[in-house]
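K.L.:
One structure, pasted below without further comment.
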Amino acid sequence: MIEMQPNASHFINGAYVEDEGGAEIALTYPATGEKTGRVFAARPDMVAKAVRAAEAALPVWSAMTGAERGRILTRAAQIIRERNRDLSILETLDTGKPLSETLVADAASGADCLEYFGGMAATITGETVQLGADFAYTIREPLGVCAGIGAWNYPIQIACWKAAPALACGNTMVFKPSEETPLTALKLAEILVEAGAPPGVFNVIQGAGETGAALVDDPRVAKVSLTGSVPTGRKVYEAAARDLKHVTMELGGKSPLIIFDDANVEDAVSAAINANFYSTGQICSNGTRVFVQTGIKQAFLTRLAERTGSAVIGDPMDEATHLGPMVSEGQRGIVLNYIAKGLENGARLITGGKSIDGPGYFIEPTVFADVTDDMAIAREEIFGPVMSVLDFETEEDVTRRANDTEFGLAAGVFTRDLARAHRMVRALQAGTCWINQYNLTPIEMPFGGVKASGIGRENARAAIEAYSQPKSVYVGLSAVEAPF
Ligand code: NDP
């Protein structure tokens, strides 16, 4: 039996806090279904306590210089890198994602983020505006107490993507991870304190949707940043709107990956694999509608089936494993239901399609061909390893169909025709586009969605805008004129 019981459920004001009166949340290792520990949901008093701690920490933290705050974030990044393997194992136990991924993509990308915003903290300044004899200047001020709410697919990365820019700007934060994956956010809180963050700057509370809702409703919270599904996004946006709180919404997608006849087949297949099977398909920006021009379709499907057949599925702790289980039994059920709908609607199964016997929530990487735009598997976010391949003939046709969705998170285009690639990305309704690449989200590049996929951007300098606001100061240096 693997043991991964944290010291306590919540981390508030620089220390672990427990309240066993909250609803119990069982921790489960998705690769075996074993119960590995438990945490307790924060009751309203605990939510209020965390917000109070964040509020109390604000004057000290926001009064520090950007360089001082940045040094702490950079130190936290170094500690994360030193403990990358332990943190990756913990993330694998919580999510079921293979260690081959968590070692390079989870805590490591969180460290990139802390390093990036740690470096940027000292550069966050206002501007001066010359106004004839007078002038104005702006002060870039933090928003206050920020609430971060995370999904279960990239737990520590999501916590860092929210905490690092928020803290760099002088805000404090209360973070609620998904109840499926509560552990690594607690580790981040510990590490930030170890790196020198004053108590209360970054707090973690556990719980399900109602804990998140209580946090969003707290009048002392100035900003809410959510990573989650569109339905949750609508609820949280609505709740935040009642008090006119700032929001960042990183929501779901059903993104198109468009492959033209002139594309390099191996690169296109690699991209389709990364866009559908990395993290067992549990990635918001996945290119799950793979539009393939008819001239390349057969070559593409043949290589895709061959290469998918060589995927190693199994023990996530074995670094040779490519695909782990789904995060939970429930999520596997949702995905299997979509596979059944695909078959029922007449899509052609190329490979996969079944769950894998034995313990754990495993499912085969699945490819459907001859998918049409109206099928549920082509319209709805599945959040699992299910790829839909759709045919197309012309650029006009594929552009219209790619945009015919409520979502707008990401899009990819594979072609050797440079002019067409740039024309396409101008026409595609998506917050992030890739040309001859897919699913790379470096910290230097803004990330976020349009349409129902979200509001605002994370990463890059754009995130500074999301966690600060300018105060304008007009300075009069000449006589004051009045009408009488
Ligand atoms: P959910 O929307 O179910 O949950 C997201 C978070 O919101 C969880 O912590 C959840 O708590 C919490 N929550 C649920 N209801 C409320 C509420 N009323 N008020 C406040 N908080 C609430 O998403 P999943 O965790 O299932 O994650 C998958 C989804 O996240 C997919 O749609 C995916 O596309 C999206 N996502 C988007 C990303 C992006 O950057 N655009 C990145 C990663 C994922 P709990 O689950 O504990 O009950």
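Including glycine, each Cβ sits where the backbone N, Cα and C put it.
As annotated by TrEMBL, active site applies to Glu250. Feature annotation from TrEMBL assigns domain 'Aldehyde dehydrogenase' to 16-473.
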K.L.:
Can you check which residues sit near the residue listed as 'active site', meaning Cβ under 8 Å from its Cβ, same chain, 6 or more apart in sequence, and list them in order?
P.N.:
Ser225, Leu226, Thr227, Gly228, Cys284, Phe447, Gly448, Gly449, Gly454, Glu458
K.L.:
Through the lens of DSSP with three states only, how would you label the residue listed as 'active site'?
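P.N.:
For the residue listed as 'active site' - judged by DSSP and reduced to three states - the answer is strand.
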K.L.:
Tell me, roughly as an integer, the mean pLDDT over the domain 'Aldehyde dehydrogenase' (16-473).
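P.N.:
That region's mean pLDDT is 98.
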